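Summarising the annotation, TrEMBL assigns domain 'G-protein coupled receptors family 1 profile' to 42-297. If you look up TrEMBL, you'll see 26-51, 63-86, 106-128, 140-162, 193-215, 235-258, 278-300 marked as transmembrane segment.
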Amino acid sequence: MDNNRSSFLDGNPEHDSVVSNDFSTALGAFILGLVFLLGVPGNLFIVWSILARIRRRSVTTLLILNLACADGLLMALTIFFIVYLAKQTWVFGEVMCKGLFYLCNSNMYASIFLITLMSVHRLVVVVFPRRVSAKLTRKVVTRVIAGMWMVVFLFAIPSIVFREVREDKDEKNRLRLVCAPNHTLPTYVRFQYAFETVSGFILPYTIIIISYVLILKRLKQTKFRRKVRSEKLILAIVVMFGLFWLPYHVINMIQVAAEWFAEDSPRRELLEHIHKSSRAVTSALAFISSCANPVLYTFAGKSYIRQNGFAFMARLFEGTSLDSTGTKKSRVLGTDNVGNSNVDSSSQVNATSLNGM
């Protein structure tokens, strides 16, 4: 065991550092710069739109609010990573190293769990419309969201345990500091990255896919042909998140696979080269998902911009709970507000949005 451990450490001088490759690092810094410029004001605008413009918030809107808060916090942290990638050395100390990566990992879990809750909620609303309206009170929704955040902070703990600031050498053999994983055994590598991918991607996406299959099946059974804005918006968020996070989790699995081969194996060398040279770019792409939602909402709500001005975002989110109030059948399918019917909410929110112009 000691020999294996020593071999692992000796062969780990640059293991999984995001600044291992100059081109990947430069591209990652450029992507994060764009992400910062779009993500911070975009997510702040979403939070303002919901808190200032919508009095009665639907479950979907509350989940989007939490998602925007999580994404906004992550976007504010990107400035530290831009400096890290630009200087190719860590200058913020051990505590910030562990804390920043912990918050990033927390955002990953929070984002996918909130999107999963959106999908499950739409499933419940469509499949069990009569039961959900009485039980889905604000207290219940608040407890579910609070419980989710507790799980998020628990699942992200490995980011603190398996990370440290250490000395490293760059491609020109110059000494530098890196904030990198400190796995002392191959088992720890397999555990952390497999756990991230399974709990933060595979399982949630399985639940999401099952939810939407059942939703589509239910809508076909009821011959409900009305275009449902909530389902479309949430599905777009799901697809967007998957596109930007899939490369990150693929690299995770490549890194896990590398640990199953011997130290001198050509396959291991190839897999390690792939994940080391790609880590900065795939991590930066993952950050894009947190700034993509405001852009997505803007395109989804562009029809409201001329009429509602800066209140267009509130009008869009209001629409996620009003999209199925047009007919008797749709009223049965469309209960979404926390403990209130959509029809009651619509009159108040419309009045609030228009009077505030």
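Note: Cβ is positioned from N, Cα and C throughout, glycine not excepted.
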Beyond the flanks of the transmembrane segment (26-51) by 6 or more, those residues with Cβ under 8 Å of it: 18, 57, 61, 64-65, 68-69, 71-72, 74-76, 78-79, 81-82, 85-86, 280-281, 283-285, 287-288, 290-291, 293-295, 297, 310-311, 313-314, 317
Tertiary contacts of the transmembrane segment (193-215), as residues 6+ beyond its ends and Cβ separation under 8 Å: 105, 108-109, 112-113, 115-116, 119-120, 122-123, 126-127, 155, 158, 231, 235, 238, 242, 245-246, 249, 252-253, 255-256
Contact set, same chain, for the transmembrane segment (278-300): CB under 8 Å, 6 or more residues outside the stretch: 16-21, 24-25, 27-29, 31-32, 35, 38-39, 42-43, 45-46, 67-68, 70-71, 74-75, 78, 81, 85, 107-108, 111, 232-233, 236-237, 240-241, 243-245, 247-248, 250-251, 313, 316
